[in-house]
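Features of the protein shown, as given by TrEMBL:
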ACT_SITE  353  active site, proton donor
ACT_SITE  384  active site
ACT_SITE  512  active site
Ligand SMILES: O=P(O)(O)OC[C@H]1O[C@](O)(CO)[C@@H](O)[C@@H]1O
């Protein structure tokens, strides 16, 4: 048994979960007209309603006690102070320092982090302005019109998600494209309409060793140099963002074109660093700064608000409750805002790469459920695809519904229709409809008894499906920054409660290593006899069918 399971609050939550499993939220709402007021948090730019969860005051108190007993606040202080809380990699976790709105020195191991960050922001601003204003010229003297960010995982998902979400705020000075997949189909399609003399590539890779990114970057260099017939053109068309300057330079990127990254910024938390260069190039530096300011607002809230009123902490506690104690195995992220169409993909990496683990930070097997698998889609599209499952399958999938009060691209009649669905779905998932009501409804519609007997059981919605509703005032750089930071801190709190090392990702290494071996076997047509028979037969089939 892990030390977590011996905590008084943990034991209490286990008992409460047994009790709650037999309750319906409809009863909880009927018993307490103050539920919304008790179980919601309003910040200046967004609201969280978590009342549609199978909780009551006693549950919330026990969850808060769990946060106390697991010392969430102490760990939070350690993270913000730059202690090496990423234990397996012996690193600090300081993405929050990237958005600190202060000139005060922040010394970590003799280095002034504030100075590093401010210098980098200043370099980014100069570079961004130069490109956007047409002063950075390509090999033939033409201005840059297109930016191609080459990167994968954290070096792609964050920047691309933000670029998509804030498209409305782009003035079109440059067009931004993203290449992440090593499938040549993606880079070929992206490059096809572009003119090499007007393209600037950003090779984004913290390690500068990621095979997929290196392969795409090599292809991009070849594409450029075969058009320009001049290897020196790389200096005018390639910049890199990396913590591995040496590799970037031996790859052919000029030293002055390399933006730093630091080991205290995890890949999936890095959009606030120069990894966000493509965002700044697209929106302009002032909007990038607003994004940082919004994240800082959330940092301040996370640090200062009591846990009971703490947006990210409550999100984490509800997730722990639904998963670890009530047994849900997945969670849906359902944005009702077209701009957030990449949010689910972004959160899949953020949450699952951080906390999808089964060994505690002491190296012991964890025998309780940790984080759910994250999936989802834009809400409206999901409604016409998988909501049947959310409403009526035997698996309960807690969901975060995320919408905005004001559309940034208002088209008459659209936003109201969208949001009517947003509100209706969380209501339907919670309230449901029982057989008696279904039968009465069918009868009122004049259906005969045979029809009612046949159809009624199929129309029952049990309801009682948990949801959080997050309502932003509108999608803008500042509010988006706050939303992303809220999820980052949620992930952190979840990791602390569940005793998980949230900031490493050892689970991605095995597959990477095997892929490198298999790639060399395929290249030399020498399939190893050491593989299991499924893998070796597949490889032989693949080779012979080529
Ligand atoms: O920025 P890099 O070093 O290319 O890594 C890209 C991504 O690959 C991963 O290491 C997973 O393989 C992620 O954690 C990271 O965001």
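Note that Cβ sites are derived from N, Cα and C of the backbone, with glycine treated the same way.
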Whole-number Å value for how far residue 512 (active site) lies from the residue listed as 'active site, proton donor' (Cα to Cα): 15
Distance [Cα-Cα, Å, rounded] between residue 384 (active site) and residue 512 (active site): 36
Most Cβ neighbours inside 10 Å, all chains, among the active-site residues 384, 512: 512
C-beta crowding around the residue listed as 'active site, proton donor', within 10 angstroms: 21
